[in-house]
Amino acid sequence: MEFVKMHGLGNDFIVVNAMEPPLLDREDWEEIAVRICDRHYGIGGDGLILLFPSDKADIRWRILNSDGSEPEMCGNGIRCLARYVYERGIVAKRRIEVETLAGIIVPEIITDAAGAVTGVCVDMGEPRLQRHQIPMVGPEGPAVNQELVVGDAVVRVTALSMGNPHCLIYVNDIDEAPVTTLGPKVEVHPAFPAKTNVEFVQVVAPDEVQMRVWERGAGPTLACGTGACATVVGSVLNGYTDRKVTVHLAGGPLHIEWREENNRVYMTGPAVEVFRGELPL
């Protein structure tokens, strides 16, 4: 099996073209993801990205976490996929429609004057704010600055969906955020029947925040694109920031804009190819 290792701000993925047999016909990708994402016994990665044909968009993808679970969306991963298909001529246009479990997502390739790819801007769609859309247990309506009992502690959270569930917790010092202690508890909290990603956020300025993430199915990662988008939406709803914000993650910055005129969220950031290889299955 040929693969390409890529990353978006250190959130790293193994990308595989499975558009033709025999890879197209395989039904054990979840097991393969666990094996090859292992950083000691496999290639190593936060997830496995698979490319398939689509009758609804230019291409269809599957993304599998390192534990074999399948999230609805992944912002950093979709940027990597966009660069992968563009540079290989699989999709011969800059604006690429991708069929995902969260609907049709549209990344757009950004190039310099010489035509080299410098980044990807992704139309991430509209945020989903109602509890049943996240999903989150509780009375219908948005979940903004709500109390959540986690063990013996009570924390204030803001929850929403960017195609996948996110729970934001605001902190005074991002370096002291309890990512690895509180994060896994909130991920599996009964309030979130599909589990949730957990973002810890420090507001720096109206146009700047810092964020750390505990990803559902992957644990702590260097970056989370949908999490950065959710962070900006939640911060606007709380009155903490403007609609155009730079989100600083452990792996680097993402530029997020929640446009008022169409209610859609746009994410701009890098996608980098690290190496290529071949692995027997």
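The backbone N, Cα and C atoms fix where each Cβ goes, glycine too.
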Note: Swiss-Prot has Asn11, Asn65, Gly75, Asn76, Asn164, Glu215, Arg216, Gly225, Thr226 binding substrate, and from Asn17, Asn172, Asn197, Asn238 that site also includes Asn197
Taking the centroid of the Cβ atoms of Asn11, Asn65, Gly75, Asn76, Asn164, Asn197, Glu215, Arg216, Gly225, Thr226 (substrate site), which other same-chain residues have Cβ within 8 Å of it? Pro71, Met73, Cys74, Gly77, Val213, Ala218, Thr221, Cys224, Gly227
What are the non-local neighbours of Gly225 (substrate binding site), defined as same-chain residues 6+ apart in sequence with CB under 8 A from its CB? Gly8, Asn11, Cys74, Gly75, Asn76, Gly77, Ile78, Arg79, Val122, Met124, Leu254, Met267, Gly269
List nothing but the one residue from Cys74, Cys224 whose Cβ has the fewest other Cβ atoms within 10 Å; the candidates are the active-site residues. Cys74
